Amino acid sequence: MIINKLELENFRNYDHLTASFIPEINVFYGFNGQGKTNLLEAIYLCTCGRSHRTSRDADLIKFEQLHYQVLIEFIPQDEYCETLSIAYKKDNFSSARGKRIIKHDGIELTRIVDLMGIFHAVIFAPEDLQLLKDGPGIRRRFLDILISQIDKLYFIKLQQFVKIIQQRNKMLKDKNTNSKWQSLMDIWDFQLAELVTYIISKRIQVLNEISDMTKEFYQQISSGSEMIDLKYECTFKTNLKLEKEKVVQNIYDELQKQRQNDLYRGSTSLGPHHDDMQFFLNNKQAKLVASQGQTRSIVLALKLAELECLTEKTGIRPVLLLDDVMSELDQNRRNALIGAMKSAQVFVTCTEPDQVEEFSFSKNTDKSSIKYFNIDNGKFIK
């Protein structure tokens with residue numbers, strides 16, 4: 001996957017920007033607060049239509065403007081060049097509502113699921129350290145975005161699940177438990193059971209795959225002195241190794257048993273929206289015992305596993321985005337990252353270009369394989 005060109009309009013602190021890149025290493029450098037991370041954010045936005053920093057499109061619009069647009073020109077795996085654009089326009093200055101338009105090769109994509117799998121990028125940013133420390137929502141989001149890029153059906157079923165949960169929760173809050181209510185709830189619960197079976201099974205399958213990869217990368221980074229493990233924590237107790245029909249029935253039965261409690265709560269207490277992905281370091285919960293350095297190593301190993309998983313599943317090497325991480329890497333982490341950079345197009349942000357020179361030359365990269373962009377207040381300067 002190679003990006004040839006990026007165009008921005010009213011995105012974050014950029015008025016208008018057009019930049020051409022090389023297939024190897026592209027470096028955005030400059031003082032903090034000048035817009036380096038915004039460039040990586042714009043590129044990552046094209047993977048799933050969502051920023052890694054905010055869930056609100058309106059946050060991406062430049063101050064005192066009503067719209068933004070991001071366009072990339074890229075080559076997936078052969079010589080054919082494709083374009084992908086994401087635009088958003090607010091209704092007016094006082095409104096938070098607006099319309100988003102996504103186009104692939106000039107053709108509008110009417111569903112967000114149609115965007116999945118077109119362009120792949122993996123980002124390693126300071127915010128990713130929260131994968132260990134924050135609540136389960138950020139870890140579910142990581143898994144959901146990864147799986148959705150390699151399995152569109154998963155994304156569709158996830159959307160269906162969210163809609164049914166919303167409808168079920170609304171009924172639980174109404175508390176009008178007549179026979180019609182019971183019959184409708186039975187229908188929702190059976191549909192939920194089928195969706196939950198697929199979603200949880202897929203999450204566990206992919207987690208097991210990236211868990212093995214994460215362990216290998218962490219062994220390299222820690223020189224084999226520490227052990228890491230990833231486990232999926234499910235709110236349902238059924239054995240997922242049973243035949244599908246039996247799993248669906250067991251989940252349906254659990255929802256039935258929990259209905260009275262859900263009615264009291266006014267919400268659905270079981271399901272993928274409450275599940276978690278836990279990290280264990282030497283058989284102890286990593287979020288409780290991991291140091292800052294160990295946390296950084298675990299997340300780096302996870303991100304490298306994400307990169308390898310996408311490469312393996314799609315046959316295409318994703319673009320690698322590194323946001324202000326160069327100065328924080330010791331030699332072992334650098335060596336692991338150097339291996340991942342091979343055959344991948346890389347975008348790096350840093351304050352000083354020599355941070356990248358020292359790093360990249362250690363893998364025998366010549367100067368012609370690095371292109372520098374000096375960023376100053378949303379503009380490239382020479």
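The chain as shown is numbered from 1 upward.
In case you wondered, yes, glycine gets a Cβ from its N, Cα and C as well.
Just so you know, TrEMBL annotations never went through curation; they're auto-generated.
As recorded in TrEMBL, the features of this protein are as follows:
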| type | residues | note |
| --- | --- | --- |
| DOMAIN | 3-359 | domain 'RecF/RecN/SMC N-terminal' |
| BINDING | Gly30, Phe31, Asn32, Gly33, Gln34, Gly35, Lys36, Thr37 | ATP binding site |
If you skip the near sequence neighbours and keep only those at least six away, which residues in the chain come within under 8 angstroms of Asn32 (ATP binding site), Cβ to Cβ? Thr351
What residue among the binding-site residues Gln34, Thr37 has the most other CB atoms lying within 10 A of its CB? Thr37
Relative to the Cβ of Gly33 (ATP binding site), which residues of the same chain, six or more apart in sequence, are found under 8 Å away? none
Averaged pLDDT, computed only over the residues in the domain 'RecF/RecN/SMC N-terminal' (3-359): 91
The number of other Cβ atoms within 10 Å of the Cβ of Gly35 (ATP binding site), counted over all protein chains shown, is 23
Suppose we draw a 10 Å sphere around the Cβ of Phe31 (ATP binding site). How many other Cβ atoms does it contain, all chains included? 11
What is the set of residues, excluding Gly30, Phe31, Asn32, Gly33, Gln34, Gly35, Lys36, Thr37, whose C-beta falls within 8 angstroms of the centroid of the C-beta atoms at the ATP site? Thr349, Ile375
